[in-house]
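S.K.: Got a structure here, written out as structure tokens. Questions coming.
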Amino acid sequence: LPVAFLKFAIVLILFIAMSAMIEAQCIGNGGRCNENVGPPYCCSGFCLRQPGQGYGYCKNR
């Protein structure tokens, strides 16, 4: 196999692994969240919190 192909394959594998790690650091819909505390944030980008509650739940807008 050509060296260029092996380099490309290694970079591709690293990119896929990093993408999976970044995605795993967010909270899925239905999970508890607190936008005031910081990461991890909701994957959807929206944390629904009722007034008076210390936490909310991730959901789509």
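Cβ atoms here come from the backbone N, Cα and C positions, even for glycine.
Since this is a predicted model, take the numbers as computed values, not measurements.
Not my notes, these are from Swiss-Prot:
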type: DISULFID; residues: C26-C43; note: disulfide bond
type: DISULFID; residues: C33-C47; note: disulfide bond
type: DISULFID; residues: C42-C58; note: disulfide bond
type: MOD_RES; residues: Q25; note: pyrrolidone carboxylic acid
type: SIGNAL; residues: 1-24; note: signal peptide
S.K.: When the Cα of Q25 (pyrrolidone carboxylic acid) is compared with the Cα of each of the disulfide-bonded residues C33, C42, C47, which one is closest?
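M.R.: Nearest by Cα distance to Q25 (pyrrolidone carboxylic acid): C42.
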S.K.: According to DSSP, folded down to helix, strand and coil, what is C42 (disulfide bond)?
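M.R.: The residue in question, C42 (disulfide bond), is strand (DSSP, three-state).
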S.K.: Could you state the whole-number distance in Å separating the C-alpha atoms of C26 (disulfide bond) and C42 (disulfide bond)?
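M.R.: The Cα atom of C26 (disulfide bond) is 5 Å away from the Cα atom of C42 (disulfide bond).
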S.K.: Compile a sequence-ordered list of residues in the same chain as C33 (disulfide bond), six or more apart from it, whose Cβ lies below 8 A from its Cβ; state 'none' when nothing qualifies.
M.R.: I27, Y41, C42, C47, R49, Y55, G56, Y57, C58
S.K.: According to DSSP, which of helix, strand or coil covers C33 (disulfide bond)?
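M.R.: Its secondary structure by DSSP: strand.
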S.K.: Counting other Cβ atoms within 10 Å of each Cβ, which of the disulfide-bonded residues C42, C43, C58 scores lowest?
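M.R.: Output over disulfide-bonded residues C42, C43, C58: least Cβ neighbours within 10 Å is C43.
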S.K.: If you count other CB atoms within 10 A of each CB, which of C26, C47 wins among these disulfide-bonded residues?
M.R.: C47
S.K.: In DSSP terms, helix, strand or coil for C58 (disulfide bond)?
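M.R.: Where C58 (disulfide bond) sits, the three-state DSSP reduction gives strand.
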S.K.: Near the residue listed as 'pyrrolidone carboxylic acid', how many other Cβ atoms are within 10 Å of its Cβ?
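M.R.: By my count, 10.
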